[in-house]
Amino acid sequence: MEILRKFIFHLFLIHLLLCTIECLEYLCYQEDENCFDRQMHPDLVRKGEDLERSINPLEYTNNYWLNLSREFIKQQMNRQPNTNKAKNIILFLGDGMGLTTIAAARNLLGGTEQKLAFETFPYSGLSKTYSVDRIVSDSACTATAYLCGIKAIKGTIGVNGQVNMGDCETGIDRNNHVDSIAKWAMDAGKSAGVVTTTRVTHASPAGVYAHIADRDWENDSQVKEACGAKSAKIKDIAYQLTHGEVGGKLSFIMGGGKENFIDSSLYENGKRSDRLDLIEYFQQEHPDNVYVETRSELMQVNLSKANRVLGLYQDSHMLYHLETNENTNQPTLEEMTIKAIEHLQHNENGYFVFIEGGLIDWAHHVNKPRLALDESIEFSKAIQAARQITSEEDTLIVVTADHSHAFSYGGYPQRKSDVFDPAPAGGKDGKPYMPLNYANGPSFSKFFDNENGQRVDPLLNIVGDTNDEFPSTWPMQWETHGGDDVPVYASGPWSHLFTGVYEQNALPHLMAYAACLGNGLTMCKT
């Protein structure tokens, strides 16, 4: 028995010695700055280690970077402000596309040195996204800011700060309604349109045409459930799109959300309960109105003869790009963008069109960066197409986001590595560390073993599938938005106004200034 006790005691001493040695690896003397540096930057490539040789060999020379800087200076010096009056305005919105999303998405183009289409725009700035009542806002109140020019309460659309979310009475007071730049454009004789990959009645596109106290009131059934007897005076978002002062005049409408337009007794997946078929109403409103449900139908439309065009490709949101194939028969955002511009440009007075890459946001909410970054690339393709078929002389293109996400990009991955692969060094627990992570979200339980109080090896769940969830550090049903500023990129007339750091609600006023729209300050009035 005594021998066993001595054996156990010696094992304990050996274990203690090993732990002490391990701890010393993380112990730095106060004056040893190099030690601290090694701990803060554990994955930096050290002398003698192999570097990734797919990097451009010229990057290892002085002249490459010096020449790059000289060319940038020349480009900046040769830039002349375009002070033409904008005939056309295209507002591209990457829903949830914060700076970390943009930086990570560059890797899908071939590396961090690559640029998305909008990053080549001559001018850029930062937009502050808080709302009247929240530091971190949602897509409803932000739509009111960047489309209507005022900040409002979270969850409300097209109304001012007097209206609280879900207020069944105050929301119908027209004195509290605010109009979007789409109405300003139509009042000036221009055409207007909406393109999105979400439901056309979703928060962001609804900011173009709706006035509503709750972003969830996309059909009459949702209004009745929330407001009961008071619902009779409230027009749901889908109804406002087909009958409203702005929605009823939009020339081009495209996205998902068929379910909100048809009564459940008339369509199996319909969500209305007022026995209305708003799609049929749209078709009967004018003999040359065109309704499509597939990519094939869209491609066959004679846009020169069409009066108004409505495309609804899914009952709810459109499919992610990575979920589509030949059989899904769903157009890309790029294809819808091209068709929108081709149709709207028939108006000799010009147009305003809102185009949203809306599924970037949805993918982040479920901790799926493969989908989010691919949607960002699709968004970039649509912007590139728009630039190619419009003129910078008369078309102002603005690209921005409504908010960011609680999405991080770190861990010292090597250049040209796959952004979805683990970082070179793992965590202190010996398990891999992923460069892409979320502060919160539904994936938490997959990556943390609550019972044993330790992380799960992330590579057990990240297997290369498009629907891979990535780690989150706090359990929530949905990952949340972020409160940081979002970028704004601009090209075309008066695009130099979009530099600096400004409130999000300044955006429609800047666009209106360039095109002489609305009753505010414009280039025509000054």
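Quick reminder: no glycine exception, Cβ is built from N, Cα and C everywhere.
Among the features that TrEMBL reports, signal peptide is placed at 1-23. As annotated by TrEMBL, Zn(2+) binding site applies to D95, D361, H365, D402, H403, H481. The Mg(2+) binding site feature in TrEMBL is assigned to D95, H202, S204, E356. Marked as active site, phosphoserine intermediate by TrEMBL: S139.
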Among S139, H202, S204, E356, i.e. the recorded positions, the one with its Cα nearest that of H481 (Zn(2+) binding site) is S139
If one looks at the chain holding D95 (Zn(2+) binding site), which residues at least 6 apart in sequence have a CB under 8 angstroms from its CB? S139, T198, S204, E356, G357, G358, L359, I360, D361, A401, D402
Taking all protein chains shown into account, the Cβ-based neighbour count within 10 Å for H403 (Zn(2+) binding site) is 27
Given H365 (Zn(2+) binding site) and H202 (Mg(2+) binding site), what distance in Å do their CA atoms have, once rounded to a whole number? 15
How far is it from H403 (Zn(2+) binding site) to H202 (Mg(2+) binding site), counting Cα to Cα, in Å? 15
Excluding D95, D361, H365, D402, H403, H481 themselves, which residues in that chain have a Cβ inside 8 Å of the centre of the Cβ atoms defining the Zn(2+) site? G96, D138, S139, I360, H364, A401, S404, H405
Ten-angstrom check, please: count other Cβ atoms within 10 Å of the Cβ of D361 (Zn(2+) binding site), all chains counted. 29
Give me the count of other Cβ atoms within 10 A of the Cβ belonging to H365 (Zn(2+) binding site). 20
